[in-house]
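Just below is one structure, and these are the notes that go with it.
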Amino acid sequence: MKMLKYAWQSGPKQRSRWLWHLSNQIWKRSYSSKIRNIGILAHIDAGKTTTTERMLFYAGKTRALGEVHRGNTVTDYLTQERERGITICSSAVTFPWNDHRINLLDTPGHIDFTMEVEQSLYAVDGVVVVLDGTAGVEAQTVTVWSQADKHKLPRLIFVNKMDRPDADFEKCVSDLKDKLETQPVCLQYPVKNEDGVLAINDVITLERLSWQQKDLGRSYRNVKLEPSDDLRVLQEKRNELIDQLSGLDDELADVVISTESFDNVDNALIERALRRATSQQKVVPVLLGSAYKNVGIQRLMDAVNAYLPAPEERNQIYDCFGTEVAGKVFKIVHDKQRGPLTLVRILRGEIKRGMRLISARGQAEVVSKLYEPLADEYREVGAVQSGDVVICAGLKSTVTGDLLTSSQSALKNAQKRYKQSLGDTASKAEEDDELDESAELFAIDPQIPDAVYFCSIEPPSVSSQTAMEQALKQLQREDPSLRVSYDSVTGQTVLGGMGELHMDIIKSRILSEYKIDVDLGPLQIAYKETIEAPALTTLSVEKEIAGSKQSVSITLEVVKNQAELFSLDKSPENLPNLNTLRPRILQVLRKGSISALERGPRVGGQVVETQIRLHNATIGRGTADSFVMATAAQCVQKLLSTSGTRLLEPIMALQIVAPSERISGIIADLSRRRALINDVLPKGERNKMILVNAPLAELSGYSSALRTISSGTASMTMQPCGFSSMNSVDESLAERRAQGLE
């Protein structure tokens, strides 16, 4: 206000400039308040893509309803997605709804593509979690919920498939409380007529909503309930909702206390209190419907606008950028005509066509074109404001997770302002949270989960080698969870992935998109290794290279430790020598030693739960860093061979749902697979759910075996749950498999 007063007194020219600046800021804030950036998350087959297609249809973005089983959906545009009927890559779509702009990211539900979900959550301000009304909270629901927790995202629940006879709304709400430990508030309840047609009772408005199927659900009727048992029950639900929210919201509590009645609380006040409680993640609103039967989608979009936050209400951490550009790269796709396309969430500032941007890596890029996202369709735009999602063409070096800004100085100034703001934190706990956010904010590399499977990949001919390498480079840029490495021992290119389906999709995409019929070797389990006992050794190497004498003598020890990978032994006899080593030499020794842990002596697995301690090192004058690094790696490899290693195998957590009469046969088969049965729970009236942990090595082709055992009546989901040690017999078998002898 002081600056505005000064500008007003400075003369008409300065006054005019400040008025323009103020009006521009007000317009930008008004524009941002009408944007909703949301992700749609769920377990596989819960109906995410069908729900998204209905949103696009009712918003007028598409002219026909896309159906997964017909392969004509907008968001599942890859050939592999349409053939299999599942979402593989997250896709962004933009559509208007009731004077708002919704940017929606449709994400995969399969465990193999969890990384796609993780990337997408950087770009959104809230999420819609879709539940299957017949199944409730499932395995992948828990996974995506924990991912949303990590990003502190407000949530809505949409209970889908409520038209089905076996749908159980109360069971879904109970699952939300028990399995996700959240506080659901039901805004709607299902009701069916004699023919089983689904309608919805609205708790806030006390109306019954029924959809017209003649126009594909475009219109619906909302009728006030007449005095009846249904109205009385719904009024009780409304009073319970007000009572629950009044304990969380001061404005609503003041009105309830002053009027001494729940009946005098108007709908707008309830909705404002619900919005605040949802944004603060104190409650999770629950809505319902049937996407396939075109019921409840419009009210879900209304709830997105009403209860999920606008961009300006979140991401205050990025205020340190001021008016400078700050954008987070959350996905990269390759288009045949346009080349690499980078999806960016604009957190501060404005990105324009032709603008020069700097990544956190320090690489300069120029935005050649900007597009509005609609899956694999693009509409060119000239500029995009803060809070929006945009596709940038022309960025060649940017990778997923990069932070983009207008200049290197803007990035440094933002870091400086952020560190200054940390001094004002109220408590140690808040300061720790801020530091975690800072690491996430300025991080260069995304956190990529460990690969579960490995396999070799070979081109059909030597002439296709370069094309295959280029294809893998592009696919890896799109999908950071795909690991590509070169095995110097076998001379092969090795792929690492999150599961059998992931590897199969990669092969299929290389064939369909790059026309290279690659050959994948047999899938190998990604075992890890750990030392059996501590070991200490000294390695001295002298060699003359190009007339220069290279000399290194190093003493290292390996011990069991899960904390840090490399440390110095600061005992009195070793400390004087270590103090003479320059920091650069210590860094070289550290890098060489840790590199040796990437490949264990038994099956080439990563060595974990192991720490390397440097006791002593003598480096000859003029010795090259590469020679020092190689000697350190050689010394660690010698130690691992001396101490011996044990294998650790990946363990999978399975949820198997099957009819009660099939359970005994399934359990008998699992016992032959070294599985640990954790629990057997009732699932509905006729089914039971088996919770089991089993080694991944025993689960090859298990989905087909399960269908055979259960005559096609059982379903299964699985996800990684850590590593476990093996007995000597199983270790020998694993070694023989790794050597191709089994």
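Note that Cβ sites are derived from N, Cα and C of the backbone, with glycine treated the same way.
Nobody curates TrEMBL annotations by hand; they come from automatic prediction.
Over in TrEMBL, the protein carries these features:
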| type | residues | note |
| --- | --- | --- |
| BINDING | 42-49, 106-110, 160-163 | GTP binding site |
| DOMAIN | 33-312 | domain 'Tr-type G' |
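When each of the binding-site residues Lys48, His110 is scored by how many other Cβ atoms sit within 10 Å of its Cβ, His110 comes out lowest. Mean pLDDT across the domain 'Tr-type G' (33-312) comes to 89 in this model. Neighbour counts of Cβ atoms within 10 Å were compared for the binding-site residues Thr107, Met162, and the top value is held by Thr107. Counted over every protein chain shown, other Cβ atoms within 10 Å are most numerous around Ala42 among the binding-site residues Ala42, Asp45.
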